[in-house]
Amino acid sequence: MQKTIPGCFFQQIYSSLTGISMERDHMKDLRRYLALKYIQYLVLSSSNTVSTLLGLLGSAYAMILLQSANVSFKSTAVLISSLAQADILVLLSLVSDLVLGSFGAGVSPVASAMAPILLTANIHVSCVLLSCVAFEAYLITFLPSESRPLRTVRKARLLCRVVWALVAAECALFLVDEHLRAGGASSPCPGPLGLLFQLCAAAAALLRSLSYILGILLRIINVYIYYKIFFSMSPRSRLKSK
């Protein structure tokens, strides 16, 4: 009996966590998780240690919760799952900082820029996916029948792939720009390759300049969507109370 306890230790922990999630109202927990993410990425001007830690814990719990049989895996669940997986980039950035910190001052500028680029990718993926969740809530509230062909699991997965592909391309542009700043600017590559690097650097500079404006626009759009949803639901709640 004692030999079987260590082998089942992690299985018992996972079973207890999933058991707790099955006993709780999983939809309320997912709504709390989304509220936490909205505060972390769309309310706070910049993430701090406390919000980042709470976001990581919330993402871990959301991923466990989404494995429960009580959760209906619809398009919203696909978006929330991809949102939770985006925090893996935060863990990778922390690991990158630890690994590069052990090498001291002998790290190349491109390698040292990896952690900030991963954090930027996490922020951009999370903001876009949160905006997609808000837009889907808008469609469910105001166009439930008309938008049903759009709100499918297949299209939600396709949307997540597109978002991740765009952010991956953005990260590649940032890495090329860091390479040019490190050594390419002093000794540029001749011919078409050098022109391609210059175009990538210009595109990276344009993305950096537009990221602040796009962040503000996403905040305004999300506030407007939930403002419309809140005031459309309020008369219904008043009628039900009467």
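Each Cβ is built from the backbone N, Cα and C atoms, and glycine gets one as well.
TrEMBL labels come from automatic prediction, so no person has curated them.
From the options 11-37, 38-64, the stretch TrEMBL describes as transmembrane segment is 38-64. Listed by sequence, the residues of this chain that lie at least six past the ends of the transmembrane segment (115-138) yet keep a Cβ under 8 A from its Cβ atoms are 34, 37-38, 40-42, 47, 75-76, 79-80, 82-83, 86-87, 89-90, 92-94, 96-97, 100, 151, 159-160, 163-164, 167-168, 170-171, 174-175, 178, 211, 215, 218, 221-222, 225-226, 228-229.
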